[in-house]
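Copied from TrEMBL, the annotated features are:
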DOMAIN    1-154  domain 'FAM20 C-terminal'
ACT_SITE  50  active site
BINDING   55, 69  ATP binding site
BINDING   69  Mn(2+) binding site
């Protein structure tokens, strides 16, 4: 995001932005693009539209992907910022493992499990009650975006294995 009124970032203007990204060496090999898409899904679930960057541990293509700055997460539970999922719906590629995990978390499972885990925290309650249905709603939306990709591009591999193939 540019955070300048009236000025859009390139990815916000160009629905084919992923093609340029995939042409870049850093995203065309290794897990980096899939890591970025996993991060976008995570950020969407927690409502974090404010991730400016990421770090890697080391210089290798297979470097660990570090997500910093989750501070603006769990803001408005009534607003789903769909643009956070842009890497997913523009690239139409996601790890099969991520997709399967989302499937296990649908129909209220995520909120039920998270509620139980957070209840044990010494400073409970951690989340306002409205955030639990928001999480469940966002799991459904993410799964719908993946299904749209599968339906939109017949023959394209949308769900990929660990190595991105």
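Quick reminder: no glycine exception, Cβ is built from N, Cα and C everywhere.
From a predicted model like this one, the values you see are computed outputs, not experimental measurements.
Here the features listed in TrEMBL are placed on the structure.
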residue: 50; record: active site; Cβ within 10 Å: 16
residue: 55; record: ATP binding site; Cβ within 10 Å: 10
residue: 69; record: ATP binding site; Cβ within 10 Å: 12
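Across the residues of the domain 'FAM20 C-terminal' (1-154), the predicted structure has a mean pLDDT of 88.
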